[in-house]
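Colleague: Here it is, the structure in full.
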């Protein structure tokens, strides 16, 4: 009896293979398709409207530079005035601005571009590499390969001329870019054959090394190799052959940068580098001596070769004197000179003997030599001063006033005159008290009455208080 057939396989659940049978335990408001959901008709998944609808991302890009067809032969109305294309205006034209556009010349009319409707998603709009064609980088690779071929040809040519093979050197020597402009302290931060200081003494029982923090306590010991290395840390050697070593290293780097020659490596081939440096120095000295000899033959100067004492004293010489400068660049404790103004001083114009602003009067600046208020005027000297004083006296009326000394003399004379007049008046008054018989019998005459009226003081007269005074009212 044959075995029974296997049970049928249950269909896969999901968006593609969903169950055709409805689940009675799913509520109606979930399983019912809303009115706005699109019904494809053939879909058997009654819960499709509840599943995540994954759509393919549109990452398309327009074809840059694609045209609709061949270019027109003459200018068309409404086209770009610069290039003649119908798909854009002159303000949106990306072609080179012409002195005379295609509208006026009718030449070199560009074809119409294909305007594509590119609708991208959120990620596609923000993709910096969207639309990039990797084939564009092929031009960079080709340029690099051409330069590499030229470099190899030059090396082969140089090897044929010199008669020795040029080694390529290790990868580090070719790819490292140690510029001569880079500080020496940066290039020599760490040597590859250097040993870390915490590896010099790994004795766990020693008080010098702390295994927990992996540090050496108190900078190591005092009389061993570790202490010597710590003493040299951060110290730039300037004695012995340090300067010569720096020159040799710099020469090797410059030779590699200029010609790509790695045979003058300082550590790999120090003898060749030293020989080439010595040879180059001898050639430079020979050229300099030859140049000096030619100049002496042409212009002479054997007798003036020795520098004069004045020039020799002006030369900068080394000194051990310690000099300290302040924040503005002056020597501390040095003599303080008079600060010079940035403006020109003691420069007199137009025959003046003083500068403008050396005299002040009536809220005005002027020249003290001639009392002139006009800037850049011609100096008149003492005559100008006298003219100015006369003008001031005429303007203020000070010339009508008496000098102080004359006023004192006149005051004394006036007092004497008043005293004499007072005595005369007193004597006349005493005499006037004695009336004659005629005066006692007779009446007042017309002349006496008129004199009385003339001499009578009117109290209402505003000038009455000034009577008897000889002072000038100003």
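Cβ atoms are placed via backbone N, Cα and C, with glycine included.
Residues annotated as zinc finger in Swiss-Prot: 78-95. Taken from Swiss-Prot, the feature region 'Disordered' applies to 263-296, 395-437, 453-474. Residues or ranges marked as compositional bias 'Basic and acidic residues' by Swiss-Prot: 280-296, 410-421.
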Colleague: If you run through the compositional bias 'Basic and acidic residues' (280-296) with DSSP, how many residues end up as helix, strand and coil?
Modeller: 17 helix, 0 strand, 0 coil
Colleague: With DSSP as the reference, give the number of residues of the zinc finger (78-95) in helix, strand and coil.
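Modeller: Secondary-structure composition of the zinc finger (78-95): 3 helix, 0 strand, 15 coil.
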Colleague: DSSP says what for the compositional bias 'Basic and acidic residues' (410-421): how many helix, strand, coil residues?
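Modeller: In the compositional bias 'Basic and acidic residues' (410-421), the DSSP-based counts are 12 helix, 0 strand, 0 coil.
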